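Colleague: Below you'll find the structure I mean.
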Amino acid sequence: MNSPSSSSSFCSSSSSPSSLVLYSPDTCQVCGQKSHGKHFGAVTCRACAAFFRRCGSANNFKPCRRNMNCEFLKNGWFNCKPCRLKKCQDVGMTIENFQFDRDSFSPKKAKIALENFHNQVPFSIATFTGRSNLIVISAPTEEECIPKCYIDVQFLIDKLSNVLKEGPEVPLHTPNALEKLALGLQIIRGRKRELKLITKLGKEETLGLWQDDMMKVAKWLTYFDDFQQLSHRMRSEMLKGMWKVWSRLETLALTAMGRRLMICQKDMIMTHTEKEQVMAHPKQIEVDISWCSRYTLEQLRFFADSDLDDRNEQVIQAMMELQPTDVELSYMMCQACLHYAGKRYQGEVLEIAERFQETLSNHLHDYYVNRMNMPQYSMRVANLMKINNHIQLDIYRGRVKYDLARVFDVFYLEFSHPEVFIDL
């Protein structure tokens, strides 16, 4: 039985009855929710315990906006981390029992072990010469180093500039720009040419094909009235980014047409130059790259796209099934070229490309509805765009391979205008 003195001493303690807060063992002393046990010196829930373990030793919050007098919301929600940490400390939570650096992984030890490992790694050809293991060949000596093959294409740039300035070779009058481009495509393909089978592809053949491709694109674009209204600088810049996309699509379209008409065999690729209709077996042609690299094709196999031939075959088969008309093919060329140029140059070029694509899309709609009497054409356009997507994806993959080859200094080829040959 308690004595009166002990009872009176208890009532006269420093804490008044109004300031005493009694907590149940089942209630978190911080937020008032259901507790999980005693953590770091106080009865708390798991959320408050985790918060204190995470923030108890850091205390790197933004300062409280209410001078540490925030009101706590119901259901355990806190809007202010400093005030929540202060309440944790007020109820007796302490960092004395925190355990630091108990993980078996130590960054300092790992760094020392890594340095020791590198010191013990023996020199290989790759580490000694500074070249990748992807090319299994030692670096040549200074006497064996071959100077870069410099190719001046200024004459070609001047020819392309003159073509753009002079305009179309044949004046045409058509209902809209898309049909004019289709007629321009027929004019560029022109007369029948002598067939020629290419069995070897070297420097002269490669540069000749590039030159013919760029000239064809420049002549074809002169039949695009909206394009001709741009400044000469803008036309020249866009041509540099469009010619490879156009030539890739034109080559596959000609190959599909040649196979359908049985002009070439089913495993051949066909295109045309100014004077000849050329054909080649991709897997049988002899390729000479000694003029641009000191490595052989076998050594450069990693930098080649091994699946390119198979993907080209899929595109050719799709074109043989769809048999696009010249109007559809012209739209495909414009869409692929403008989309790529806009994505490459951005800014003003992107705005121009989007405006041209919208105009040509309206012309294609008129062509289907009024000329072809085909109001339900969405599925056909979708199949045509699948072909364009395949070609654009191949070009982007080729760009990655080209950049990788440039990093490893695989080719000793240098152009006077390198921006023209980024997408080879």
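Numbering starts at 1 and runs along the chain as displayed.
Note that Cβ sites are derived from N, Cα and C of the backbone, with glycine treated the same way.
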Colleague: Among 28-55, 364-391, 392-419, indicate the range for which Swiss-Prot gives the feature zinc finger.
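Modeller: In Swiss-Prot, residues 28-55 carry the label zinc finger.
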Colleague: Looking at the candidate ranges 64-88, 114-138, 164-188, report the one that Swiss-Prot labels zinc finger.
Modeller: 64-88
Colleague: For the DNA-binding region (25-100), report the average pLDDT of the model, please.
Modeller: 81
